[in-house]
Amino acid sequence: MIFSKISQVAHYVPQQLVTNNDLASIMDTSHEWIFSRTGIAERHISRDEMTSDLAIQVADQLLTQSGLKADAIDFIIVATISPDATMPSTAAKVQAAIAATSAFAFDMTAACSGFVFALAMADKLIASGAYQNGMVIGAETLSKLVNWQDRATAVLFGDGAGGVLLEASKDKHVLAETLHTDGARCQSLISGETSLSSPYSIGKKAIATIQMDGRAIFDFAIRDVSKSILTLMAQSDITKDDIDYCLLHQANRRILDKIARKIDVPREKFLENMMRYGNTSAASIPILLSEAVQKGQIRLDGTQKILLSGFGGGLTWGSLIVKI
């Protein structure tokens, strides 16, 4: 049988840093108010780079690190809710920029679960035997979706990208998987609506910026995500002691605290970087993974079991246990 493995990781964030104190100068908030509620102290905001620019930086790094030629890449999946445009896809721009002429490319929209969903799909593509090498990138410029007068949401989000290179392997590395969607709760977190504008349409005001029912999302993350992780471990016969690190979507420090208690995994196994990046949606998990590899916490030698878990708009949530 053919399986997939993560062979390379990379990330990139825009240079411009926006601190909580910077935000306090343009809206009614303070560093203490933001940090005590979220664990976020600063975030990177793009000045002129689009989502594709961030993703291209990651793709270039992955290629360089791997030593592969661009035409050896079979597919590129970009998980994003903030594409440059609805057409062409962000992934198509990445494919062109790195000259991966043999690759097919497409975007995936699953909000903050996007990277996990895309990684699960990429694993199946390689397991089919038809493809050998693929890139999965989470990239966001959420700054263009934020209402900068709304302190409840503007303080949360940042821009950035992270990704992995998947290669075919004779050993199984994706050990367990669970993916979920509950569209009935979709109005809890929305953004980027468009209006009907033909001569035959009745106008409807669209919600362009991010709007969130914070309490509903907080409760969802604690209840549904924790339950699905516990179920996943039970079904796969993987215990909490088997897990080396937990890399969850970086939405809020208090969410991580509560999920750690719910699933009874030591809090120190939960890596975090939201203090420096905020919530970067589909980019948060791969950025966290890339930094952990840089720091030597995760070795990419196939000896560690890592829980990856994303959750967000849709509502969507999903987890993978991978051997890295």
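Backbone N, Cα and C define each Cβ position, glycine as well.
Summarising the annotation, Swiss-Prot assigns active site to C112 (among others) and lists sequence analysis as the type of evidence. Annotation note: C112 (active site) sits in a helical segment as assigned by DSSP.
Spatially close to H249 (active site) yet at least six residues away along the chain are C112, S113, N279, S284, I285, S309, G310, F311, G312, judged by Cβ distances under 8 angstroms. Taken from Swiss-Prot, the feature active site applies to H249 (among others), supported by sequence analysis.
Look at Swiss-Prot and you will find N279 (among others) tagged as active site, backed by sequence analysis. In the three-state DSSP scheme, N279 (active site) is classed as strand.
Residues annotated as region 'ACP-binding' in Swiss-Prot: 250-254. Mapped onto DSSP helix, strand and coil, the region 'ACP-binding' (250-254) counts 2 helix, 0 strand, 3 coil.
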